[in-house]
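According to Swiss-Prot:
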SITE      T47  site 'Part of a proton relay during catalysis'
BINDING   T48, I207  pyruvate binding site
SITE      Y111  site 'Part of a proton relay during catalysis'
ACT_SITE  Y137  active site, proton donor/acceptor
ACT_SITE  K166  active site, schiff-base intermediate with substrate
Amino acid sequence: MDKNIIIGAMTALITPFKNGKVDEQSYARLIKRQIENGIDAVVPVGTTGESATLTHEEHRTCIEIAVETCKGTKVKVLAGAGSNATHEAVGLAKFAKEHGADGILSVVPYYNKPTQQGLYEHYKAIAQSVDIPVLLYNVPGRTGCEISTDTIIKLFRDCENIYGVKEASGNIDKCVDLLAHEPRMMLISGEDAINYPILSNGGKGVISVTSNLLPDMISALTHFALDENYKEAKKINDELYNINKILFCESNPIPIKTAMYLAGLIESLEFRLPLCSPSKENFAKIEEVMKKYKIKGF
């Protein structure tokens, strides 16, 4: 299998709700907008997609919509399929594969704090259950557990279809160290604030929250960097500074969904508890920053 298979500019899709249910029409429309604006892959039902509060049926529906909408295009579907129970993660991975996803994104198990050996066995079981690419997802700030560089490299070398890692630890040194020890690894940025530093240090793509709103800019930044045109990539990165900052003023995806609502890209600003709408102060800050960007609605 070609491990260099799902890279480039990727969007961690929001999940729009309407009257308490997944707004399937809006979801498909948002994906079409990504396709039209140069994104290489969409990532349904990840952190940004509020996967933790979706039912399994809703989770599966979102994957099906993403696959169907991307059918016949060059845009790939990297489906969220993580869980802190290995048997459940395997089931989600199998569903994604059977329903046409091009690969899966699997988050480090959260809450139960497995050992590195436990993480190795968890991911090996997932990789052996499907024959599509698997991207590891390291986000210790949310999971309370970090997968080590050694474990990532061992999984990459032992499992043919584990092709890389989405790094959202904020630790650039770890990213550089990872590539120094295994340069074949596909390192993907999982934080918009450090997209440029990761890309300019050997990263092969981004999974972006900001690209829900500005897919064309994230696509341009990513591809300039991959083409080693770092001057243009840095220029776009600098232009995105204020929007990247405000989109994380509260827990993701609260700010990005608020921005999408303000831009008229979703009909209803709905979350599922325990997530809720932003404070009035932050709502105003998001609105103010939005005015500085050429986004529909402003």
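Any Cβ shown, glycine's included, is placed from N, Cα and C.
Structural mapping of features recorded in Swiss-Prot.
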residue	record	DSSP (3 states)
T47	site 'Part of a proton relay during catalysis'	coil
Y111	site 'Part of a proton relay during catalysis'	coil
Y137	active site, proton donor/acceptor	strand
K166	active site, schiff-base intermediate with substrate	strand
I207	pyruvate binding site	strand
Pairwise Cα distance for T47 (site 'Part of a proton relay during catalysis')/the residue listed as 'active site, proton donor/acceptor' [Å, integer]: 10
T48 (pyruvate binding site), number of other Cβ atoms within 10 Å: 22
Least Cβ-crowded entry, counting other Cβ within 10 Å, from the recorded positions listed as Y111, Y137: Y111
Cβ-Cβ distance under 8 Å to K166 (active site, schiff-base intermediate with substrate), same chain, at least six residues away: L105, L135, L136, Y137, N138, V139, I188, S189, G190, I207
Alpha-carbon distance [Y111 (site 'Part of a proton relay during catalysis'); T48 (pyruvate binding site)] in Å: 19
